[in-house]
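Trainee: Dropping a structure here in structure tokens format, bear with me for questions.
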Ligand SMILES: Nc1ncnc2c1ncn2[C@@H]1O[C@H](COP(=O)(O)OP(=O)(O)OP(=O)(O)O)[C@@H](O)[C@H]1O
């Protein structure tokens, strides 16, 4: 497990290091922590057993949590935690919904075992397809993480699908993505980034281009379907799909679209009766879909829009520089002619002259529009497509991202930062509204 901690030894002693304290946790209770805004937190499991969102804590290893992180240490049988006394908040809660969450895990486990036992039956060999829905800050990502980590601990390799373009946890904001989870998720480092399948939407709200969002969700689902067809192990393990907290109007339509497109068999609704009853009502026609209401944990922390924006910015920083500044991104220079930048949507469907008299040209949400390189591109984060030809761009997934740091108009040169040096995997780049300013 790649924790940011040291295998042994207390935090380095210095005149200014914070005092230490021990917290004793009774069985089935949790220690909820918000790390301070400007310093990290060291802690360790002194005795007993405990887990962080489904991943067991190693005994005695010091773990380091970055500033602003919010998490809980839960124990089923009792534990003692030794920690620095410098958090923003920390308190113990003995009322948690963990029993109901682990009961859901047990039901999913039974379904996975049944799927594994029928490899040659195309329907029965499909493990559970779980979709987690609910309003913002209801704990959807956290529950998804727990279900994935508990499954991985039992030896399954479930697929995590993240449809949350605002606060997704697989890659950068503005993307939908999927990744197999082969080990319990590291509480500090999060989802491993080795082989995610990523599609670039480019904005952190679907209202900008809901048609494009739907198309990308469909592409992702189709690719996963093909992968499952050739991989009975991951088919039996199933998927856990995390969604956006946008659940009204268009948000609700997009939830139904995702449930349908991924052929979800279990819908877990967190924290809202109304949404649960609406979904039960509309899904009662599908007898193989279970809609289950679950209690929101009292520990889930509400994040305002300022915090969300800074979390997005932090994710972009981590992509290029690593969680603890351990990566060395590469600055490169390209000629304007070497790159083809596009955005999706916006251009008129047909020229006004081709429309019937009186008709207004409408924006075509799926039109690929070439972007002229100018100073407006400064600080934009662009996605590098895997497309080899222009007509593949819309249906292609993403190899990675670059960040534009300089545009030299007279010399027609563009300077960008990429995670590594060398040629980009494709000259086709996609632009949305994702920007980053290094602070
Ligand atoms: N029991 C808990 N104790 C302490 N912090 C928690 C607990 N559960 C969740 N959190 C924290 O609360 C925050 C919100 O939780 P989470 O991201 O799971 O909500 P969400 O519903 O997915 O949010 P979004 O609205 O972005 O979709 C996160 O920082 C998470 O780590």
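Glycine is treated like the rest: Cβ placed from N, Cα and C.
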Trainee: With TrEMBL as the source, identify the stretch among 1-21, 22-42 annotated region 'Disordered'.
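Mentor: My reading of TrEMBL: the region 'Disordered' range is 1-21.
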Trainee: Let me check the 10 A CB neighbour count of residue 139 (ATP binding site). How many other CB atoms are there?
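Mentor: There are 24 such Cβ atoms around residue 139 (ATP binding site).
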Trainee: Out of 30, 137, give me whichever of these binding-site residues has the highest number of other Cβ atoms within 10 Å.
Mentor: 30
Trainee: Between any two of 30, 70, 137, 138, 139, 140, 141, 142, the residues recorded as binding ATP, what is the biggest Cα to Cα distance in Å?
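Mentor: Maximum Cα-Cα distance: 19 Å.
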Trainee: Write out the long-range same-chain contacts of residue 70 (ATP binding site), meaning residues 6 or more apart in sequence whose Cβ is under 8 Å from its Cβ.
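Mentor: Listed in sequence order: 32, 33, 34, 35, 301.
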Trainee: Please report the DSSP secondary structure of residue 70 (ATP binding site), reduced to three states.
Mentor: strand
Trainee: Can you tell me the three-state DSSP label for residue 30 (ATP binding site)?
Mentor: strand
Trainee: With every protein chain in view, how many other Cβ atoms are within 10 Å of the Cβ of residue 142 (ATP binding site)?
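Mentor: Other Cβ atoms found within 10 Å: 23.
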